[in-house]
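Worksheet: one structure, shown below.
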Amino acid sequence: GTPQKYDPKFKGPIYDRGCTDVACCILLVLAIVGYVVVGIVAWTHGDPRKVIYPTDSRGQFCGHQGTANEWGPPPPPGSSLLIKMPQNERFPTFSSPCSKICVSQCPDRFMTYLNAYSVPANLQYYRQFCVPEFGDVSKAPIEVLRDKECPAMLFPSTPLARRCLPAIQAKKGVIMVGNETTYDDGHGNRRNVTELLEGARKANVVLEMRQLAMKIFEDYTVSWYWIIIGLVIAMVASLIFIVLLRFLAGIMVWVMIVLVILVLGYGIFHCYMEYAKLKGEAGSDVSLTDLGFQTDLRVYLHLRQTWLAFMIILCVVEVIIILLLIFLRKRILIAIALIKEASRAVGHIMMSLLFPLCTFFLLCLCIAYWASTAVFLSTSNEAVYKVFNESACQFSGQTCSPEKFNTSNVTKLCPDAQCLFAFYGGETAYHKYLIVLQFFNVFMFFWLVNFVIALGQVTLAGAFASYYWAFKKPDDMPAFPLFSAFGRALRYHTGSLAFGSLILAIVQVIRVTLEYLDHRLKAADNKFAKFLLSCLKCCFWCLEKFIKFLNRNAYIMIAVYGTNFCTSARNAFFLLMRNIIRVAVLDKVTDFLFFLGKLLIVGSVGILAFFFFTHRIKLVEDTAPSLNYYWVPILTVIVGSYLIAHGFFSVYGMCVDTLFLCFLEDLERNDGSAEKPYFMSPDLKKLLKKTNKGQPEA
């Protein structure tokens with residue numbers, strides 16, 4: 001339909017449109033249905049508890065309610081823990097195959113089974129770290145250790161991620177475990193606790209990180225409302241900056257240009273003064289070629305030739321900038337006028353500033369669905385049990401069943417063999433194609449994320465285009481331009497958005513694959529393969545940037561004319577190429593203003609947060625909360641302010657790009673006659689010396 005009330009004599013772009021790229025729309029719907037099916041299958045077979053809870057040697061969860069290793073509802077503090085019994089008791093490591101049992105608490109003392117066996121009280125304490133079936137305390141220690149029913153030794157441990165790891169600490173540079181520097185290995189030998197470091201290499205680091213995380217969490221609990229106030233200030237500042245661009249854009253651009261010229265002029269003057277000052281000094285007339293390369297760069301500053309070279313370079317740059325200003329001054333004025341017009345458009349469609357929240361919400365849904373599906377897929381394997389033994393055995397490493405193992409021939413032929421949990425896997429067709437499902441999950445994630453971003457871009461472009469092509473602004477605009485554009489995008493152009501996002505998703509998946517291959521080849525010594533991979537990564541990075549640029553402008557043409565993706569991309573590309581200088585000037589002017597705005601907003605809010613949280617503002621010195629780390633809320637405010645400013649300026653940038661393409665189309669399609677009037681603003685018409693003949697100006 002036609003969403004605008006144009007004067008019958010003045011026709012803008014063709015708004016009557018139909019569905020575009022229907023095949024891609026159908027493909028997207030089928031892909032989403034398949035994605036839902038994959039999610040349902042993953043949720044049916046997956047079990048996220050495998051990520052959260054450790055398992056014993058039988059694959060049973062430790063401490064989870066409703067399992068065999070539950071210690072009463074709710075579990076007592078310190079329960080849900082896993083302790084490992086190494087196969088080689090003399091050299092305990094935590095990466096080798098070992099028996100694993102669930103315990104209600106970690107050991108808190110050094111003790112060996114041989115020592116505990118002779119003391120009933122110690123043996124009673126020791127029993128809680130043995131397998132559940134162990135009950136014959138009169139059994140000889142050598143038989144208990146042979147059958148792996150109890151660990152050969154205990155040492156003080158701390159719970160970490162529901163696992164018991166040696167309680168290693170450093171006191172005055174001395175490594176200690178439980179205030180001891182040595183331990184009895186169960187064979188009458190005293191061993192140094194440093195031998196346990198290999199088994200818990202990263203335990204202390206993780207413990208310190210956990211303590212740091214707790215302190216950071218405490219800081220957030222006492223400063224969250226002040227952080228919100230800081231983010232609100234950033235939002236208000238971003239809005240004010242966008243409004244002020246309507247009045248200050250030209251001033252800011254020209255002031256910056258003048259400052260650049262003045263800075264370069266001062267640089268030329270300074271170089272000349274240094275060049276003149278060195279005249280007559282010993283060694284200053286040595287040429288750069290005679291001096292050669294010197295590691296101490298300060299030596300070059302004592303040569304007249306160095307300052308002469310600097311002065312010539314700065315003069316060339318100064319002349320180039322002045323010439324560019326002379327020849328491009330009109331295009332700079334056009335860019336400034338478009339930026340001012342964009343500020344007016346945003347002022348008439350204020351809801352556009354909140355639209356990124358809708359895009360953000362949809363992106364969060366995509367990320368949540370992808371992450372949950374990935375977790376369920378990765379945890380949908382079944383427990384696989386293998387035969388472990390110390391002596392030679394023909395069944396070693398074969399799959400076994402714990403329920404039938406004791407009655408099988410394996411125990412008869414290999415008395416020391418055990419059927420232990422090895423890993424999660426499976427041999428069904430579903431388990432064989434899990435990697436394919438994971439790849440499909442990643443691919444759909446990129447496709448849907450790009451589709452959501454494309455939907456946001458088309459919606460904003462449609463809303464701002466309705467502003468430009470309204471002959472009488474804002475009277476001829478739709479009542480709700482943003483919702484009208486959103487409806488048109490979903491109703492007519494879902495297929496085109498799916499097409500553009502599909503192309504980008506394919507390139508991104510290839511880039512992820514190349515990054516994975518690069519990670520796998522880091523240990524390899526094939527320089528040619530690494531060089532080839534680096535070239536491919538660079539090429540696909542450039543390709544992704546180009547496709548994003550092309551898609552963005554194609555979506556604008558889709559929003560304006562309702563053509564399919566390929567036609568829109570071609571028209572947008574050649575339209576920009578015919579006006580490449582205007583594109584470059586507008587891009588640089590816009591980038592400068594956005595950089596200035598982000599720097600101003602983030603810097604101001606960050607400085608305010610720094611003075612507030614460090615108690616340097618006398619008026620609110622007592623109001624500021626006491627913190628463990630004052631940089632936590634400051635960094636949060638700075639990052640949040642940047643994201644807020646980026647969100648506001650992304651809308652503004654889309655508005656500038658849309659108005660720019662509409663402006664170029666207006667110049668090429670219309671001539672100011674009664675049949676083809678210009679739709680640009682009076683300021684742009686005055687700047688370009690264009691008029692609508694026979695019609696009053698809007």
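Note: Cβ is positioned from N, Cα and C throughout, glycine not excepted.
Caution: TrEMBL annotation is automatic and unverified by curators.
TrEMBL lists 21-43, 224-244, 251-269, 307-328, 349-371, 444-469, 490-510, 554-577, 589-613, 629-649 with the feature transmembrane segment.
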Subject >> Same-chain residues near the transmembrane segment (490-510), Cβ under 8 Å, at least 6 residues beyond its ends >> reply: 17-28, 442-443, 446-448, 450-451, 453-455, 458, 540, 543-544, 547-548, 551, 554-555, 558-559, 562, 564-566, 568-569
Subject >> Residues from the same chain, set at least six apart from the ends of the transmembrane segment (224-244), whose C-beta lies under 8 A from its own >> reply: 343, 346-347, 353, 597, 600-602, 604-605, 608-609, 612-613, 624-625, 633, 636-637, 640-641, 644-645, 648-649, 652
Original post:
Between the transmembrane segment (589-613) and the transmembrane segment (21-43), do 3 or more CB pairs sit under 8 angstroms, pairs being 6 or more residues apart?
Top reply: no
**OP:** Mind checking which residues of the chain, 6+ beyond the ends of the transmembrane segment (554-577), have their Cβ under 8 Å from one of its Cβ atoms?
**Re:** 13-18, 20-21, 24, 454, 457-459, 461-462, 465, 469, 485, 488-489, 492-493, 495-497, 499-500, 583, 657-658, 661-662, 664-665, 668
Original post:
Residues sitting near the transmembrane segment (349-371): Cβ under 8 Å, six or more positions beyond its termini, same chain?
Top reply: 39, 239, 242, 441-442, 444-445, 448-449, 452-453, 455-456, 459-460, 463-464, 467, 481-482, 647-648, 650-651, 655
Original post:
Do we see three or more Cβ pairs under 8 Å linking the transmembrane segment (251-269) and the transmembrane segment (444-469), pairs being at least 6 apart in sequence?
Top reply: no
**OP:** Could you tell me what the rest of the chain brings near the transmembrane segment (307-328), counting residues at least six beyond its ends with Cβ under 8 Å?
**Re:** 257, 260-261, 264-265, 267-268, 271-272, 274-275, 278, 288, 301, 581, 585
